[in-house]
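Only one structure is covered here, and it is reproduced in the block below.
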Amino acid sequence: MPPLSCFQGYCVVDVVIDALGAAGDGLAVAPDGARLFLPGVLPGERVQVEGPVVLSPSPDRVDPPCPHYGPCGGCVTQHLALGPYSAWKRGRLVEALERAGFRDVPVAATEVTPPATRRRADLALRRRPDGSVALGFHARGDSARVEDLSTCFVLDPRLVALFEPLRAMLRSLPSLRREGSAMLNLLDSGPDLLLRLDGTPGVQERTALAAFAKAQGIPRIAGTSLKGTVSETLAQLGPVSIAFAGVPVAPPPGAFLQATPQGEAAIVRAVLAGLPKKLTGKARIAELHAGLGTLSFPLSAAARVAAYESAPEAVAALDAAARKSGGRVVATKRDLVRQPLAPKELEAFAALVLDPPFSGAAEQMPALARSSLGRIVYVSCNPAALTRDAKVLLGGGWRIEAATPIDQFLWSAQLEAVVVFAKGK
Ligand SMILES: C[S@@+](CC[C@H](N)C(=O)[O-])C[C@H]1O[C@@H](n2cnc3c(N)ncnc32)[C@H](O)[C@@H]1O
């Protein structure tokens, strides 16, 4: 049983941390057998549970660089050195694939993305009683509270530079009544801002937003309600654009982008490396959950691409870019949960790439498992969904040829991966 520390009749339990859990917490077992999840601690450390207070620090412990580390919910493992941190992320992919039944998988080293490169942030906003605005990420362990950020070590400095001007502008924006969010996407054309507000901006506010956009070099500011799915342009000073494999795409406000350019490049490399070695001139690749075409345009260098996506604004942007880029990508709007690709449709393709949302692709997996596709390349942002979906492929006789963990969300517990499935020997 772990020892007890007692002082003036009050006893606290010391435990030794066994491992890092999936959320980045240290795992330990209390004397009564209860599983403990303790923030900010590392495997091997002896820890006083109350606090928790580290009594014997691990050699893997480093000083977290960010002044907001701890209260901020954005980074949970800044106290862990890069080597063991990367190994932890790789281990989570190994574990996810083992849970699906795949043993001895050739899992590559983690592709870690550097600090100060994140190009996408959804910042929470809260109006305080004195009228000032807190802007930042949700607090760790208390999602109702916003950690008011002065800086951020993961975001691109061009986005961090907007914190202060945004805060000042929002202070005098009446349509931010109590709460909202500011979604920032750093495009090739500059920052793109989508404001979620609990009020409706009037004419004067739009004029103020246009002046703010001009002063800060923001080509477009869009707005929507707190739970809105459709946005409205509030100020547009110029075109918006981001290029994938050299093809410019005009994204809708708040569009999905891979979180960092480096992460995107690592995903593209692993996806292209996973394609069948010999693709004929007539070969076609099916790409599911195509978004704006992040993968479609790089894939189109290898074969013609049939790209499927359900979000209407994303398909429209992808379709417009594809038409101008030589016709090797054809975009189709399709809800793959309601209408997965049928076995007969899959026969037209030499390979398939899927990059599903967090929930995974349960509805699509049975048809993929039975198919005779040359390769299935699965881009995952959720190890639990990957486990569930990979299990279906195992049942269909698929094996894993390569697996690459990609850490786009530095110091968080999130994990992305590219897993290449092939059939037979
Ligand atoms: C993880 S993102 C990947 C997007 C793109 N591959 C990229 O790398 O930028 C997942 C995409 O799946 C789309 N999606 C979500 N549910 C879908 C569904 N039921 N059918 C088709 N696409 C869906 C989302 O709109 C989003 O574009």
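Indices start at 1 and increase along the chain as displayed.
Here the Cβ of each residue, glycine as well, is placed from N, Cα and C on the backbone.
Since we're looking at a predicted model, the values are computed, not measured.
TrEMBL annotations:
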- Gln258, Glu309, Asp355: S-adenosyl-L-methionine binding site (BINDING)
- Cys381: active site, nucleophile (ACT_SITE)
Exercise for the section: List, in sequence order, the residues of the same chain other than Gln258, Glu309, Asp355 whose Cβ lies within 8 Å of the centroid of the Cβ atoms of the recorded S-adenosyl-L-methionine site. Expected result: Phe256, His289, Ala290, Gly291, Leu292, Thr294, Leu295, Val379
Handout entry: Nearest of the binding-site residues (Gln258, Glu309, Asp355) to the residue listed as 'active site, nucleophile' - Cα to Cα
Key = Asp355
Exercise for the section: Between any two of Gln258, Glu309, Asp355, the residues recorded as binding S-adenosyl-L-methionine, what is the biggest Cα to Cα distance in Å? Expected result: 16
Practice task
Using all protein chains shown, find which of the binding-site residues Glu309, Asp355 scores highest when you count other CB atoms within 10 A of its CB.
Solution key: Glu309
Practice task
Could you find out if DSSP has Glu309 (S-adenosyl-L-methionine binding site) as helix, strand or coil?
Solution key: strand
Practice task
Inside 10 Å of the Cβ of the residue listed as 'active site, nucleophile', count up the other Cβ atoms and send me the figure.
Solution key: 20
Completion exercise
Cβ-Cβ distance under 8 Å, sequence separation of 6 or more, same chain as Gln258 (S-adenosyl-L-methionine binding site); the residues meeting this, in order, are Glu264, Ile267, Thr294, Gln408
